[in-house]
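Visitor: Take a look at what TrEMBL says about it:
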type	residues	note
DOMAIN	23-462	domain 'Major facilitator superfamily (MFS) profile'
TRANSMEM	72-92	transmembrane segment
TRANSMEM	130-151	transmembrane segment
TRANSMEM	163-182	transmembrane segment
TRANSMEM	342-364	transmembrane segment
TRANSMEM	370-396	transmembrane segment
TRANSMEM	408-432	transmembrane segment
TRANSMEM	438-458	transmembrane segment
């Protein structure tokens, strides 16, 4: 029978309420910002393009050509990804130095600075300030996309760890919907308010700054990285509603013993470590495919896509809200269902199918009802993305890497995600205008290739301990070797917890 480190046992509802509020506080200034800042850039497209043209005329008396305006607009949109790449690279060292919670709080410095640049850009007649703003906000998103899943995975109890980790994707999708609603012309998407729309991301940041300090740091970080057992127990008491099971503390203590004397891995060290070779390859491929499939670019360039589908300008702003709602609904439905491998493979296969159907619908656009089929394909494409890649990709490094390698793994995964988002963001409008009816064919190829890789090389992680997952990868990493290199297998976080988390 398990013992408790606290004689008082508050109701379970108190424990659950504390955890839910902590998740909401961290996510509202975290992954919600990623989805929100993707979505709000669609509504003011024509207004910011006109602002760029006017700025050039006033400064240098130059009338830009259409392709030049499009190029500058894509730079404004895509520079967000380069900021995200920088954020992903510094997230690992920041979490090690400051901790998970404090890293999220400090991250708001980039957000508030970016919001200030966006707010004052119009008065200063400077589109360069919008570019700086997008870089800073991208850094904020890059840090939060890496730190938040670690914070959640290390703070949640065994039976809720999977659902809490996957909630990052739910808040990302909610951020998309929120950004699309706020971007309506009736709210902040009008010509007179676009600068306020770009700066509105400061509001979730303020909410996080006011609420997150009241919640504890990651218990695992406090004990394993800081060696503060008392602080770890206090954090567990608060997160569990006053009761700390001895088995949970023993698990963290065991991990502390196994990792004692080991410093956190660096990204380049993962590249030379044979024991994590296929884990790293899997993270690189799946993180890249998450962006190369083109789903997130649809939110930024929704107007381009729906114009190709034959919709009028008045209809587009309302139809785009449906795209975010599809992903939000799919993420909620899939939080605790089926296996990771099945979700990823099935999601990519469905996306490939709908991309092919979308291409056929565009080729037959002269038929009166085909634009509606095109629109339906976009919704189902996003729905398929939300059912698999959106939720699982961010959780994967937590499940297949140990405590010392996890920050570096997230740095690699984040770097690949942001680099590929930048590439797709830069080429997407030109892809739509150049390939026209065939614009989704490259995305179909990416989705099919990703599904094939997952079916061949990625083991199922649902219901398995991290040590069991490591052993499955070990068979691939050391294929052809008779000797089992047990010393290569470092104790993985939550060895027993994942068998009950889903």
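Glycine is no exception: its Cβ is also placed from the backbone N, Cα and C atoms.
For each listed feature, how buried is it and what is near it?
Guide: Within its own chain, the transmembrane segment (72-92) is flanked in space by residues 34, 37-38, 41, 45, 48-49, 52, 64, 103, 110, 127, 130-131, 134-147, 264, 267, 300-301, 407-408, 410-411, 413-415, 417-419, 421-422, 425-426, 428-430, which lie at least six positions past its ends and keep a Cβ under 8 Å from the stretch.
With a threshold of 8 Å between CB atoms, the same-chain residues lying at least 6 positions outside the transmembrane segment (163-182) that come near it are 19, 23, 27-28, 30-40, 42-43, 145, 148-149, 152-153, 155-156, 188-189, 197, 200, 299, 320-321, 323-325, 327-328, 330-332, 334-336, 386, 390-392, 394-395, 398, 501.
Taking Cβ pairs closer than 8 Å, the transmembrane segment (408-432) reaches residues 70, 73-75, 77-82, 84-85, 87-89, 91-92, 138, 142, 145-146, 149-150, 264-267, 269-270, 276, 279-280, 283-284, 287-288, 290-292, 294, 296-297, 300-301, 304-305, 308, 393, 396-397, 400-401, 439, 442 in its own chain, all 6 or more past its ends.
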